[in-house]
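Chemist: TrEMBL feature annotations, pasted as is:
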{"type": "TRANSMEM", "residues": "6-30", "note": "transmembrane segment"}
{"type": "TRANSMEM", "residues": "51-70", "note": "transmembrane segment"}
{"type": "TRANSMEM", "residues": "82-105", "note": "transmembrane segment"}
{"type": "TRANSMEM", "residues": "126-152", "note": "transmembrane segment"}
{"type": "TRANSMEM", "residues": "158-179", "note": "transmembrane segment"}
{"type": "TRANSMEM", "residues": "191-218", "note": "transmembrane segment"}
{"type": "TRANSMEM", "residues": "238-257", "note": "transmembrane segment"}
{"type": "TRANSMEM", "residues": "277-299", "note": "transmembrane segment"}
{"type": "TRANSMEM", "residues": "381-401", "note": "transmembrane segment"}
{"type": "TRANSMEM", "residues": "407-432", "note": "transmembrane segment"}
{"type": "TRANSMEM", "residues": "439-461", "note": "transmembrane segment"}
{"type": "TRANSMEM", "residues": "505-523", "note": "transmembrane segment"}
């Protein structure tokens, strides 16, 4: 395999710039040309948004570069086990539509953490808001860094020159246009995402020589060994950790994150919110399945010569951009479509996160300290300033991404633990009528401390190279250049850390969720009081366990 040194053509740059320009123009339109926006319109689109654009927006928000670049890279090195996430999404869709959404859709304010205040008091709401802020400041730098890697591979521009431009463009149209700009740019960017997936998928099949060859090479290379039923908790991608951890991780993403709930609320009615959830989960299943297959195609393409071993690329997350420039670099415009799709995925995720973060900070930390007059007059300006400040912080944090290893694994490990906490807190409130304030506070606090220590030490030992990686074999026998192959380091069992710090990253959300729920229920049982419950704060399925005299009139209706 010859080293690929093909870069963007003029038409590639034009297509890429056109996508960015459209995003900016949409922000300008809703910011200056549309009617003057009230705070509710800036945050929720006036609760009059249509199902289709909101559904597309949510899909685009959750399909970041981690799906388009991170998943194929992960499949290339570790196999196609990630495909089990598609199974978890079916269960998540049912739980979201029929257990959690009937409660959350009744919220009167755009911050989902208002539910925790109504159910458990302000301290639980503020802790959940803190967790969400922490998640955004960990996740968004990764999301911004991924398309920068792709563009750097395609253009030769230094990656840290690209990330500030991405961040500034996103902050600009999110700040100026508000919620409607976010939804419509997301819907536009969804087209770019689908286009990029289709381009890579079709060209990959053609370049390898057909499905038969791809399937055969994937089988021989162990990439299709997805039925690993082992109960060993240290195995990286077994079926059980992915099914359990993936369900909790993506339940929080789909159902409890402010950006998701904000969009469910924007369509007003429960039936419409359910349609949005169906669109979201269906779209995620399709795009994630295609991303897994893309990873298999890339492996089949480089079956005889691994680009990392040959020195063609230096980062594992550059595998897919390298592949695109290899198979499509001589076709004007196609690499530009691919890179535009990767940027579309990143911008949609970033803009929705910034908008939701502004809602959370303003609603949970600022609004209660300012007068109604000031709020009505200056709320939009305050929200815009929050977006600008948070965007700047995330841009600066992208400088740390060079030290985080494989970005999909790092994101799943760190974000998964936080998502488990959030899912546990909301599950305690919505499903368990007996849970009380002390229970959720003690459960979430202990879970946070325990999961934080496990996650940090787990990542530390991986950086030190004392934990088994479970990588699949790669070949260099077909490389046209001399390759100094590295023999994998043998890690003896006695040299490895305690099993708790070698757990699969998929167990992080399982641990945090389980600790919140179990400790929360135990403490609630010990400290129980005869308190009446708000009927609208409990899932319909749980109301059969509540006595009529224990219910009071709703504060949400």
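Backbone N, Cα and C define each Cβ position, glycine as well.
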Chemist: Would you mind listing the long-range same-chain contacts of the transmembrane segment (238-257), meaning Cβ under 8 Å and 6+ residues beyond its ends?
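Modeler: Those are 62, 81-82, 84-85, 87-89, 91-93, 95-96, 100-101, 104, 112, 132, 226-232, 277, 280-281, 284, 356, 412, 415-416, 419-420, 422-423, 426, 504-510, 513, in sequence order.
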Chemist: Give the one range among 51-70, 82-105, 381-401, 439-461 whose Cβ atoms make the most pairs under 8 Å with those of the transmembrane segment (126-152).
Modeler: 381-401
Chemist: By a Cβ-Cβ criterion of under 8 Å, what residues six or more beyond either terminus of the transmembrane segment (277-299) are in contact with it?
Modeler: 51-52, 55-56, 58-59, 62-63, 67-68, 71-76, 80, 82-83, 85-86, 89-90, 92-93, 96-97, 101, 193, 197, 200-201, 204-205, 208, 214, 217-218, 221, 223-224, 250, 254, 260, 264, 319-320, 323
Chemist: Quick one: do the transmembrane segment (6-30) and the transmembrane segment (505-523) reach 3+ CB pairs under 8 Å, ignoring pairs fewer than 6 apart in sequence?
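Modeler: No, the transmembrane segment (6-30) does not contact the transmembrane segment (505-523).
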Chemist: Mind checking which residues reach the transmembrane segment (381-401)? Cβ under 8 Å, same chain, six or more beyond either end.
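Modeler: For the transmembrane segment (381-401), the nonlocal Cβ contacts are 39, 42-43, 136-137, 140-142, 144-145, 148, 160, 163-164, 167-168, 170-171, 174-176, 178, 350, 354-355, 357-359, 361-362, 366, 407.
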Chemist: With a cut-off of 8 Å between Cβ atoms, can you find at least three pairs linking the transmembrane segment (191-218) to the transmembrane segment (51-70)? Only pairs 6 or more residues apart in sequence count.
Modeler: yes
